[in-house]
Amino acid sequence: MAAPSEKSGGKGAMETGLKQTPSGSVQHGEADSDADSAFRDFYTGAVNENYRMKSELIAKHLGEIGMGKFQWILFVVNGFGWIVDNFWSQGITAIRPPIGNEFTDIARLSFSSVAYYVGLIVGASFWGTTADLIGRKPAFNATILYGGVFACAVAGVQNFTGFCILWAIIGTAAGGNVPVDSVVFLEFVPQTHQWLLVSLSAWWNLGQVIVSLLAWVFLAHFACPSTDAPCRMQDNMGWRYLMITLGGIAIAFGLIRIVAFKIPESPKFLISKGRDAEAVEAVNYIARYNGRPETLTLDMLQAVDRHCNAGSSSDDGASSVAAPVDADVAPRGSKLSHMEILRESFRDYNAENYKKLFAGRKMAQHTSVTFLIWLTVGVAYPLYFAFIPSYLATKETYSTNTSLDHTYMVYCIVSSAGVIGPIAAGFCVETRFGRRWMMAASAVMTGAFLFAYTAVGTEAADIGFQCATAILGNFEYAVMYAFTPESFPGPVRGTGTGIAATLLRVGGLVASFVSTPSSES
């Protein structure tokens with residue numbers, strides 16, 4: 001089921017359709033009546049008219065500010081979340097062989113992945129929900145930092161139980177990285193540049209390249225061979241060096257977000273909570289940062305309230321879609337304290353956000369299909385990509401060179417090839433085929449290459465198919481991660497994206513159990 005963003009060429013779910021009269025009132029442009037009707041038909045019950053009109057107004061002013069210094073720096077700083085997310089996903093896989101040599105009971109080795117995925121499930125659901133309750137900014141700043149701290153702590157563990165516990169904690173941080181970061185980026189860029197959300201996944205592949213290179217350095221030269229197992233700690237320091245390095249990089253990224261480049265709270269989130277004055281300040285902060293005029297005023301948002309109140313009183317039959325925001329989130333002109341924000345956020349916590357994801361037939365169909373896609377990809381993706389290092393380390397089919405240096409050289413080649421996928425996807429989604437067709441085509445082609453991969457008979461073909469699969473798989477993954485937050489309305493965008501990411505991790509948990517016989521045989 002196509003969301004309105006797809007029907008309008010993929011430029012965002014809420015195209016601007018407002019006109020402001022000299023008196024300060026708000027009117028709909030006639031040319032936008034069809035788009036308004038399509039929006040109401042799709043999102044009916046999920047958002048009200050008040051939020052929709054304010055969201056369009058904010059999008060209009062962000063478009064006038066344009067893609068400037070703030071957004072380009074955000075593109076880089078936001079990419080830190082993608083990089084770190086793959087630090088942990090690839091890191092736990094890369095250190096499996098040396099961990100198996102040090103912690104002797106190999107039958108328990110898969111429990112580390114299970115613990116990590118349990119943490120991911122908790123983190124994705126928690127941070128996704130809180131992004132719609134207390135804001136996007138807390139998760140944006142916290143997840144990278146505390147994930148890095150516990151990654152460094154992993155290096156000091158002396159037993160497998162402690163190793164699994166710390167990886168579960170890292171998982172709770174990683175679970176919120178990309179889902180929340182994608183929402184943050186989407187809500188700060190003008191609609192003309194939303195395609196960059198697709199290309200952001202290139203940072204995720206860069207994270208894989210970094211892990212590959214560091215693993216090549218540390219695991220190929222500072223790890224004991226399996227013939228010496230069980231290893232002493234001092235003879236098997238490579239995986240510890242790797243975790244300290246990855247954790248240190250993550251901490252540095254987190255400090256850059258908190259200290260060097262501070263972002264305001266998302267204006268889309270603020271208007272959903274009735275905090276209009278703060279939303280105006282957030283938009284104007286971006287304008288000042290980019291050296292542009294501050295054009296949005298509080299009176300403009302208040303004019304929307306007056307328009308919706310007038311429409312509600314004059315047409316009782318349309319009250320379900322034209323009503324103003326609820327009394328609990330009535331527009332406020334003053335900034336709330338941190339305690340007031342927390343108190344009101346938890347007061348608002350109920351099942352309503354989850355119900356809105358299935359409000360109306362079309363919205364329910366869209367949400368169900370989207371969640372199913374994430375769940376199935378969550379099973380397939382880790383089975384292939386996350387377990388490639390273990391596969392490369394144990395196979396002796398094509399190459400006479402079985403050294404770890406050769407293994408990680410191949411891993412680096414495949415990881416580097418994967419960067420091409422998201423970059424190409426960013427351009428392809430702007431064609432007339434849009435997000436959905438590009439996502440479907442890349443998924444089918446990825447499956448075809450995986451089937452063909454089983455028939456390869458030479459090392460060159462082996463590496464070639466791995467590279468092709470990495471490009472296509474990451475192409476599809478990038479589009480999926482961009483399409484999902486774009487297709488959910490702002491008030492439930494964090495919740496919807498968080499649930500999707502949770503299902504992705506549930507699929508990964510299933511993959512951990514499925515892979516156990518082959519990876520530990």
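Cβ coordinates come from backbone N, Cα and C, glycine included.
Where the annotation comes from TrEMBL, it is an automatic prediction and has not been curated.
Sequence annotations record features per position, and here TrEMBL assigns domain 'Major facilitator superfamily (MFS) profile' to 74-521. What TrEMBL records for 1-33 is region 'Disordered'. Under the heading transmembrane segment, TrEMBL lists 70-89, 109-127, 139-159, 165-188, 195-219, 239-260, 369-388, 408-429.
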*Test the contact criterion for the transmembrane segment (195-219) and the transmembrane segment (70-89): 3 or more CB pairs under 8 Å, pairs 6 or more apart in sequence, then answer yes or no.*
yes
*Look over the recorded stretches 70-89, 109-127, 139-159, 165-188, 408-429 and say which has the most C-beta pairs under 8 A to the transmembrane segment (239-260).*
139-159
*asked:* Let me spell it out: take the transmembrane segment (165-188), skip the flanking residues so only those 6+ beyond its ends count, and list any with a Cβ under 8 Å from a Cβ in it.
replied: 62, 70-71, 74-75, 78, 81-82, 84-85, 88-89, 92, 112, 115-128, 131, 136-137, 139-140, 142-144, 146-147, 150-151, 153-154, 157, 194, 196-197, 200, 204, 263, 266-269, 286, 481-482, 484-486, 490, 493-494, 497-498, 500-502, 505
_Which residues of the chain, 6 or more past the ends of the transmembrane segment (70-89), have a CB below 8 A from one of its CBs?_
116, 140, 143-144, 147-148, 151, 170-171, 174, 177-178, 180-181, 184-185, 188-190, 193, 196, 200-208, 210-211, 246, 249-250, 253-254, 256-257, 261, 263, 286, 289-290, 382, 386
_Spatial neighbours of the transmembrane segment (109-127) far in sequence, C-beta under 8 Å, 6+ residues away_ = 88, 92-93, 96, 99-100, 103, 139, 143, 160, 163-165, 167-176, 179-180, 494, 498-499, 501-502, 504-506, 508-509, 512-513, 515-516, 519-520
